[in-house]
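**Q** Sharing a structure here in structure tokens format.
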Amino acid sequence: MKVYVTEEHELIMEPSLKWAANPNVTVAVKAYGLKATIQIFQIVDLQVFASPRITLKPLVPTFPCFAKILVSLMEKPHVDFGLKLLGADVMSIPGLYRFVQETIKKQVASMYLWPKTLEVPIMDPSKASKRPVGILLVKVVRAQNLRKKDLLGKSDPYVKLKMSDDKLPSKKTTVKRSNLNPEWNEDFKFVVIDPETQALEINVFDWEQVGKHEKMGMNSVLLKDLPADETKVNSLDLLKTMDPNDVQNEKSRGQITLELTYKPFKEEDMEKEGTEGTDEIEKAPDGTPAGGGLLYVIVHEAQDLEGKHHTNPYAKIIFKGEEKKTKVIKKNRDPRWEDEFEFVCEEPPENDKLHIQVLSKAPKKGLIYGKETLGYIDISLADVVSNKRINEKYHLIDSKNGQVQIELQWRTS
């Protein structure tokens with residue numbers, strides 16, 4: 001293995017790969033409408049020798065720590081195999097073996113011989129390199145003149161809020177029963193990554209006890225239109241779609257009123273680019289309530305998980321009624337999530353607990369076995385408030401051998 005050191009944010013490796021096997025590969029033809037299958041030839045004694053260059057770039061601070069994989073060949077690969085037709089070795093035909101060898105080498109080399117590369121994108125590098133730059137405070141005040149959705153002329157509206165380019169679940173208001181002019185006055189907080197491109201997405205739904213909740217209208221607010229550190233009252237018309245040319249948007253669906261305040265972090269509160277090896281705890285965002293702070297949760301990984309019927313694990317984090325989830329990793333007893341979550345606190349959570357539940361998602365909807373609980377833990381937050389950071393493995397309750405690794409940080413101004 002060769003490893004190169006460059007001035008770029010990349011990791012270059014050149015391993016030498018050799019693979020040989022005696023596979024049982026049969027190429028056959030089945031005529032349409034006929035049950036008979038005609039075997040054409042069989043592939044035997046397959047060998048592949050190659051010298052690839054594997055580049056991981058650019059390196060970013062977000063797991064898995066690189067945005068792309070680039071693979072190229074430093075020389076023509078050696079591919080060797082035999083073809084048997086009706087028991088005879090086809091490759092023994094004079095001139096055929098060399099012809100096949102050279103053809104394969106030329107075809108593969110034309111696609112991937114250096115400097116040509118096979119590029120496999122892993123994540124958007126522009127988004128992966130970005131860190132939180134502020135907090136958006138949202139108060140859902142009221143809605144007016146909502147359209148009736150139920151047969152009896154009543155609706156039970158609630159609001160879902162979400163930041164664009166954010167994989168976290170939407171935040172929801174309470175449901176207001178039988179009300180077309182509901183008052184909420186409920187507050188929410190969102191972490192902002194890129195105020196120039198992100199938007200707050202607003203969707204109003206009619207709650208249904210049975211069946212799918214029907215959408216009553218939607219709209220969005222661009223963060224770049226919000227002045228910093230100022231509260232702005234937005235009264236938005238609810239739309240059918242976000243397509244400005246959709247004629248359905250001409251019909252009135254009511255209005256929603258929000259109070260929005262964008263609070264950017266101060267420069268001294270943000271980690272400087274290029275800082276490496278630091279173990280300092282970042283400060284809480286500017287605008288965090290006096291005496292409060294930011295609870296930062298990193299769900300690293302788990303080991304020895306085992307479901308009764310399936311093991312497609314994900315973790316659910318619950319703190320003071322707010323619920324967040326990691327991604328699902330299919331068919332894995334030792335998942336590695338490296339998912340990060342943030343909770344803004346009005347005061348230090350010294351007497352609070354963080355509930356983390358590990359579950360397995362059913363592989364398909366409608367199966368007789370739904371999601372399963374693989375274990376849970378409750379973490380007292382007094383230690384993280386006093387120590388600022390803890391990073392430990394916990395044995396899962398109601399699990400035979402399962403463990404989960406959680407890192408907690410308490411950030412204050």
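Any Cβ shown, glycine's included, is placed from N, Cα and C.
So TrEMBL says this about it:
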- 1-123: domain 'SMP-LTD' (DOMAIN)
- 114-236: domain 'C2' (DOMAIN)
- 275-394: domain 'C2' (DOMAIN)
**Q** Looking only at the domain 'C2' (275-394), what are its DSSP counts of helix, strand and coil residues?
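**A** Counting residues by DSSP class gives 6 helix, 55 strand, 59 coil.
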**Q** Tell me, roughly as an integer, the mean pLDDT over the domain 'C2' (114-236).
**A** 85
**Q** What is the number of residues in the domain 'SMP-LTD' (1-123) that are helix, strand and coil, as DSSP sees it?
**A** 20 helix, 63 strand, 40 coil
